[in-house]
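Reviewing the structure listed below.
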């Protein structure tokens, strides 16, 4: 040590200490970064914060809208061109594909962590898995056995069902302005889309049976993500096996026979796989949208998609749905715009109220530290280094 002291001198020893201190600070910074990244990917709280930061309401709903348009085109090819008229079996293929993709994510440590099992009882996950199977399976069967107009009427009935269910389950109230706005949206969508109301007894029973599971499915997806530390992918991973099991049960009851004897050639399989990939993206984007907004907003997004597709076909592809349908679509879009404005206003008011509650606490905590800082400044002035 004496040799190094004689070579480096006093200034050299200070330089070495400074380097050691800088290396220690860099090491601590890297350790903090590593622990932060571990928290973001391997804890349910961190994963939820990442989802909220990266996927807000606008991003989630835009993602869901784009994927919904894509799966409509993919399913038209599968159900029309390919002729795969087995809606429940197609839903089963979608969810099995989703589960396999999430299994790959989990093997690569890319799947967000789930909350502890004690935080959410298995009964809640089981109910969500069951209603998801019923909502998806019955929706496809209803579309197959009902006219488009009757199917749209059933979809419109989901909105008041969600409002009533949230009031009964969570005592959640909706303002009179929102009720009137949702009524205008529903009437506009009905005028735009309900052009035929052909009645089929079996189809009507399926449509009525679908309304309640569809509403409960959206409510549970939204509430479980907003009240617990669930992310969309983590909740999908836990509930998909339950949904797959019930699809297997529903398939022989609701699908026509002959799925095994279908022409499983390469072209048909490729079309079904593309549809399944869109199905995974639709399930994920829908869960993100429900976690970022609400069940009612997600239904309004679906109605917005219907109106935009109709107006887009009229503007870009010279389709002619009729002036009455176009007028209904415009009225619905105006109602949706006002509903969005009401949601943004309520969000700003709630944020402002939360800030007002935090300000007195911050002021009370900031008084004492300010005195300590002043004392430290005076000490530094009296005893300069």
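Heads up, the Cβ atoms here are built off N, Cα and C, so glycines get one too.
Where the annotation comes from TrEMBL, it is an automatic prediction and has not been curated.
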Among ranges 106-124, 125-143, 182-200, whichever one TrEMBL labels transmembrane segment: 125-143
Of 54-74, 348-368, the range TrEMBL labels transmembrane segment: 54-74
Contact set, same chain, for the transmembrane segment (266-292): CB under 8 Å, 6 or more residues outside the stretch: 51-52, 55-57, 59-61, 63-64, 67-68, 70-71, 74-75, 77-78, 81-82, 84, 90-91, 93-98, 101, 218, 221-222, 225-226, 230-233, 235-236, 298, 301
Range from 54-74, 149-169, 233-254, 299-317 with the greatest count of C-beta pairs under 8 A to the transmembrane segment (86-105): 233-254
Any contact, the transmembrane segment (54-74) to the transmembrane segment (299-317), with at least 3 Cβ pairs under 8 A: yes
The transmembrane segment (149-169) in contact with the transmembrane segment (299-317), cutoff 8 A, at least 3 CB pairs, sep 6+: yes
